[in-house]
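Okay, so here's the structure we're looking at.
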Amino acid sequence: MTSLKEEDLNALVKEYPHFIAVTGYVKGSDTVVWGDQKTDTTFVGVNADLPNVEDAGIENGRFFTADEERGSDKVAVLGSQTASDLFGDQNPLGLKIKIKKTSFTIIGVMKMRGSSGFQNQDNQIFVPLSTAQKLLLGINYISFARLKVDSADNVNEAIEQARIILRERHKLDRPEDDDFSVRSMAQGLEAITKITDALKFFLVAVASIALIVGGVGIMNIMLAAVQERTREIGLRKAVGAKNSHIVQQFLIETVMITFIGGLFGIVLGILISYIVAKVAQGMGYDWNFIVPISSIVLGCFVSIGIGLIFGISPARRASKLDPIEALRYE
């Protein structure tokens, strides 16, 4: 979105009294330098109201003021991880860092905030919005904004009022012409939930197809094994083996194959999860490596179930072989 300007935010707060705090956002990524120390991070241009909008606390120092934001001052507030990566245990207040070859004076360090969505909020550097627009990004618009309402009871009305105000400012007559979108946190969470549910359904579908294909493959292998071992089956039946014994033998063999394959899959899945978690952590995301025991147990039972389901047909075919015909088989 490139149509949203800071004047729009000022108008929203001025014309609708239930908006009590607002901040715009622009973002970029770069390598931040302090002396011979470097770290890759995200710089975020925001208004001075950010701590009120996001209920974000300051661990050390202070956040920049509205005057510093209006004056495009070169000041920065570090996320807790960024401060640790660059300075370790050293107090960074008053020191200068470089972002895109522009020097910024550190005036504060945020409290640890953790992750939000896929973004590690502790691996960020906050600078005045106007400074980021002019010196770091060369733009005059705001990517998105967050507004805080004085009461949850006023959220729906606030959304509608925001749309009305922005349409008037952008000279838009119809809702379908909107060059912006307005939604509450609840609506955002609902959209994320729908996407997550769709992704879960897709993954379940892919896993189910993979299990069916794998099961059919196992069944074909066991059918071939029955044909190759026809004389062995005939000999066993000739010396007294019952049909149930033959079924039991082939089911056990099938289950052993699928169970061992399942164990390999579990080990491979754990290894891939570990690698992905480490890569994500290296990129600044707060992803923990966790393998629930329930998932391992479920994987084992699914492997056994696949063996039983797709092994029954070869086992029954083997048990129905006539021993005399089987012994004649070449």
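Just so you know, glycine gets a Cβ as well, placed from its N, Cα and C.
Pulled from TrEMBL, these are the features on record:
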{"type": "DOMAIN", "residues": "3-162", "note": "domain 'MacB-like periplasmic core'"}
{"type": "DOMAIN", "residues": "205-323", "note": "domain 'ABC3 transporter permease C-terminal'"}
{"type": "TRANSMEM", "residues": "201-226", "note": "transmembrane segment"}
{"type": "TRANSMEM", "residues": "250-277", "note": "transmembrane segment"}
{"type": "TRANSMEM", "residues": "289-312", "note": "transmembrane segment"}
Tell me the residue counts in helix, strand and coil for the domain 'ABC3 transporter permease C-terminal' (205-323), as DSSP assigns them.
101 helix, 0 strand, 18 coil
Give, as a single whole number between 0 and 100, the mean pLDDT over the domain 'ABC3 transporter permease C-terminal' (205-323).
87
